[in-house]
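Let me begin by presenting the structure, written as structure tokens, before commenting on it.
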Amino acid sequence: MNPLIKSLSQSCKYLQSLTLFKKLLPISEPKISTFPSILRSYSSLHYLVYGQANYGYLIKYGVFGCCVDVRKNLLRMYVKFGDFHSAYKLFDEMPTRNNENAFDCMMHGFGVNQTAEDVVDAFENMVKFCVVPSVHSLCHVIKACSDLNSIKKGCFLHDYVKQNGFNNHVLVMNTMISMYSKMGRLDLAQQVFDDMVHKDIVSWNSLITGYAQNQNWPKVFKLFSCLKRVENLVPNSVTLLALLSCVIHAGNGMSIHGHLIKVGLYSDVQLGTAVFNMYAKCERLDYAEIVFEQDLISKTLVSWNTLIAAYKQKGYYQEAADVYEQMVLELDMKPDSFSFANALPVYASLRDIQRVQSIHSMIIKNGLDIENDVVLSTAMLDAYGKCSDVKAAEILFYCTCYPNAATWNALIAVYILNDQIESGMNLFHWMVRSKVSVDSITIITFFKLCGQMGSLKHADMFHGFCFLKGFSSNLIVGNALIDMYMRCGYTKGAEHFFHSMSIKNIVTWNTMIYGYMEVGCSSTGLRLFQQMQSDTSGKLDSITIISLLQGSLTVSLSYLELFHACILKYGLALDTQVMNSLINSFAKIGNLEMARKLFMQTDFPRDQSSWNIMIAGYGMNGQGRESSKLFSQMVVNGYAPDAITFTSLLSSCSHCGLIEDGCKFFGLMVTKFKIQPSLEHWTCIIDMLGRANSLEDAHDMIKTGIYQNSSGCAPLESVAVWGALLSACRFNMNMEVGEAVGKKLSNMESGSFKYHSLLSNLYSSNQKWDEATETRKAFGNVHVNFEFVIDFNIRNNGLQKQRMQRHLVHHCLPLVDGRPAPATTSA
DNA sequence: GATTAATGTG
């Protein structure tokens, strides 16, 4: 039984080991060697009373003098419970304590699982006992104090050190410098350093590292040059490590790299990792890779973690994921919280929920305390949120013991991403009420929230708040502000802020251009693009081009040719997203020949969207048969069609009147490819049936859809679906059904603007002028192109919802002083 | 005495 008790305790099954022990007691006397395990179990389960009972046993068996392990475990237990009297009593009874004084013994009594708080508490108790610690123990306490980040306790320790004559001990004072540095109190650290009579290299390193960690780089270099002049002291690996962390330009880093090789320090793994990290941070991933693969002969966990972080930061998510998997599987390295916090955003960006879940279970298996590790829980929360598991993200938020601004920001962002605007707003208000310190990222996140809502009232209010808090000079905040105003349709506000910005980057310009294109001001967008070219001496990137192409509905062929030339000039022809946009644009303006030519180019890295875009392109140009052919070709080429493929196909069939093909594809989608029909699919099929003069079938389809969807998530009882039916009524001039559907729509949602316009047109087509005027009047001033744009958007996948909202804001609300008037005047 | 981590703009 004895070995079993021992092994149960070793595998952390404390309760089982104690139960077994209690069973053993009446039967036979326990072996002495079992006691350490028993004590460990008691201690872990906080059973002090039982522990004391065993203390009696220990005396009975006279094992104190001969079993060091038993004594240590018992002492550890007492210290853990803060029972210093018992601890001292036990200490007094110890026959062999020659080399250890009481304090050290108590300090050693702490097992690895003790917290910094326990150490400092124990120290304070020791002081009450007037026991003088050894230098070694004192340093142990100072370190614990810096972990606690309590300046009050730190100063208390400092006073103690001074009063008890430790201020001439280099070791103690060095630890003191390090403690103050970690607390960010470089003033106090510098004071300790200045007061020291004898300094060694560690004293210098502690201060230099402190300044480096607090990013006071001029001070680091100044101290370094002073150090070089001190006799008998030579900078060592720690000094150079601090120096490397300050390097911003690869050129400077390279000279340190060279120096390390010269003095023979380069074989140090930590330094090697730091050199590699330096190159990665200085935008020289190519050098970093060489250092990692060729120079770092023995790679540590930190080296691997750093490589993952480097790839992640540069947006090479697949590479980062590959490295992570290589690290976990091939090298049998045990990933730590850093590895997980690095890997999680990678899988979040790849939207790989299975990996995210498996990391979560690994975190639990490895016994990492996620609830107390804010960074880890925030990363976990964000990853679940990005993979659309909002519930899991919420649970993580509520389980985090000390959420910080990042945790709050992350959950608000999750709500935004998953279209839960109201929850985002509520959480933001709660955050402010909870007095969590708001940072620049909170502001950016909130701007995004306002942009999604299109609420100028909130936007304006928060602009003021942001200004007051002093965040408005932050470039990223400014960019987010422009984007928000653009999304609220307030182009004047965006322009005003744009011109007031002293520093702009490519994102600033892109945001303005994108904004103009989105609200349909393509000529202003194009003008700004020309200005951008002259102001930034020809800077542009893939997003610039994609933004410009967004508005290609009203952009002429000559502009598309210009953009194509830009793409070739800036080497963007191999960028799949850029090329997809260009193909889409050529298709939209009816130049199928060019679209096809680009699509067929041999070196073009086609992806799933490329096929989808081309299928839709044929459809919108009336070549439904070609769409079907391309679909078969796509399958032959090994692509599994997705939901968007079928949206493209169905809208193509609808547009070309290929009702049988449409029904065939709809069936294929559900049965063969197991794709649950989305709102878009239903809208397409209803539109298709309606246009083919089967209004009854279309109506039935809506009912079928509602029935089939009753357990699903998409609300089919939606304006889009009824809108499709209304659109079909207009197409068929069916006044009777159209009027009924129009009435239904008018009771449904405040945002159903476009359908009132359809109804109005239906009245006009049937020469019912009075009704037409009434309908139009009731819903405001509809822009001439508006209906056309919306109609177009319905039959083109993807962007509809947001774009429609923006068009609503921009074109349909009457303007007062250049801003949209409150919604009440139009509804 | 020391290297690595989370949230955010187009």
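Here the Cβ of each residue, glycine as well, is placed from N, Cα and C on the backbone.
Annotated repeat 'PPR' per TrEMBL: A:169-203, A:300-335, A:404-438, A:505-535, A:607-641, A:642-677, in sequence order.
Here the repeat 'PPR' (A:300-335) has Cβ contacts under 8 Å with residues 269-270, 272-273, 276-277, 280-281, 285, 288, 292, 342-343, 345-347, 349-350, 352, 355, 362, 366 of the same chain, all six or more residues outside its ends. If one looks beyond the repeat 'PPR' (A:169-203) by at least 6 residues along the same chain, the residues whose Cβ comes under 8 Å of a Cβ in the stretch are 135, 138-139, 142-143, 145-146, 149, 151, 154, 157-158, 161, 209-211, 213-214, 216, 219, 233-236, 238-239. Taken through DSSP, the repeat 'PPR' (A:300-335) splits into 27 helix, 0 strand, 9 coil. Across the repeat 'PPR' (A:505-535), the model assigns an average pLDDT of 92. DSSP labels the residues of the repeat 'PPR' (A:169-203) in these numbers: 26 helix, 0 strand, 9 coil.
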